[in-house]
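Here's what TrEMBL has on this protein:
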type	residues	note
DOMAIN	1-298	domain 'SAM-dependent MTase RsmB/NOP-type'
BINDING	111, 112, 113, 114, 115, 116, 117, 135, 162, 179	S-adenosyl-L-methionine binding site
ACT_SITE	232	active site, nucleophile
Ligand SMILES: C[S@@+](CC[C@H](N)C(=O)[O-])C[C@H]1O[C@@H](n2cnc3c(N)ncnc32)[C@H](O)[C@@H]1O
């Protein structure tokens, strides 16, 4: 039992928070450690340990203890994502929206880095849906794109824009998730250092920033579209008060999401508009603090995305495309395009959306980067190795043991590996691709990206 020192006035400030039980809350912070949870990648089934299921997310699992994820090759292969359990509730909201709507969806995750909720949304989408994962802070974009690359789908675009840049895309998105920057009290148990940043003044600043972000992004929501709002704060000012403001300022109605009482989630309603919100408190749920709500735009107006023209005039280079196609499963389902020297592919149905987004946003990842063509050969990109679209039968594969896989991921010499075949090879562990290597007569060139390599030393066996 640890004696936890919350910031001054923190507990008092929550006296108006729906369902807040100070005793239970303090006890959970003192006595129960934060559970470790992972979410399995449905597209990369692998022999991962699965513990007890997270009640609101079938792909989420509580682990009995925290293993070393860094030294698990399947973690690097994108077979699962380590994610806090309460955050997985967004999957439950998406399931509701799906049950109401069987159209194809254009989804924006506005505040996306490091990508936990983007990978969660991606698992719930079909290949004819499109996900745009945006992050405003440039230095946070690489962790987002790395996580999306590991997850593997080809129907994701990542951008690095300010919310107000989306003003150029009026009515474009059917679903917008705003997982807003917040005062972070929901993470106090997992990350006690977050307490140093907390103050009532900061809660107010966060509230103002949340309103600004929402006002900037609202025009990009399609008529009848859904806005999902979430924070990891317990403060009413950042949650129910923001819902009241949204319902006052914009044409939005609150959506009630059905939940199972046994899950321990607190259903709240805002003072003025009685908008529904879902609160997660440690001590009531097996997870950290979260607030989530779903609203729908009541006007069917908003610009029609088909008003936007794809002005992309890149002429197809059929010779190069024919060279690429053998590397891709169901190759005719993709649109192939060039950025600089590299070839990329995205699901054919997203060609127009891609062209529009290329005009209006600063794109950092579009579908899957396949690689460049040198003479008659493809110099394959890391994204292709980890993607779901690669035709593994078209390439050499080298299966690695756990020890060899860790050496490969560290860019060390791979012990006891003497392959007979030569050339580009997909390096795999348990049949899951980790990246590329070039097998040469007297050495192996490791193409695992330097910036993604494992830096820590492996534990002694
Ligand atoms: C709560 S985190 C997002 C976590 C992410 N959704 C996930 O599940 O992994 C909030 C994100 O908002 C970004 N952010 C900060 N200020 C912002 C602003 N003014 N507008 C939009 N996003 C902002 C932060 O960089 C951060 O990545």
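Yeah, the Cβs are placed from backbone N, Cα and C, and that goes for glycine too.
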For the recorded positions 111, 113, 232, the largest set of other C-beta atoms within 10 Å encircles the C-beta of 232
For residue 113 (S-adenosyl-L-methionine binding site) and residue 232 (active site, nucleophile), the CA-to-CA distance in whole Å is 14
Residue 117 (S-adenosyl-L-methionine binding site), DSSP three-state class -> helix
Rounding to whole Å, the Cα atoms of residue 117 (S-adenosyl-L-methionine binding site) and the residue listed as 'active site, nucleophile' are apart by 13
Cβ proximity for residue 115 (S-adenosyl-L-methionine binding site), under 8 A, sequence spacing 6+, ordered by residue number, returns 81, 133, 143, 144, 147, 148, 151
Counting other CB atoms within 10 Å of each candidate's CB, the least crowded of the binding-site residues 117, 162 is 162
For residue 111 (S-adenosyl-L-methionine binding site) and residue 232 (active site, nucleophile), the CA-to-CA distance in whole Å is 13
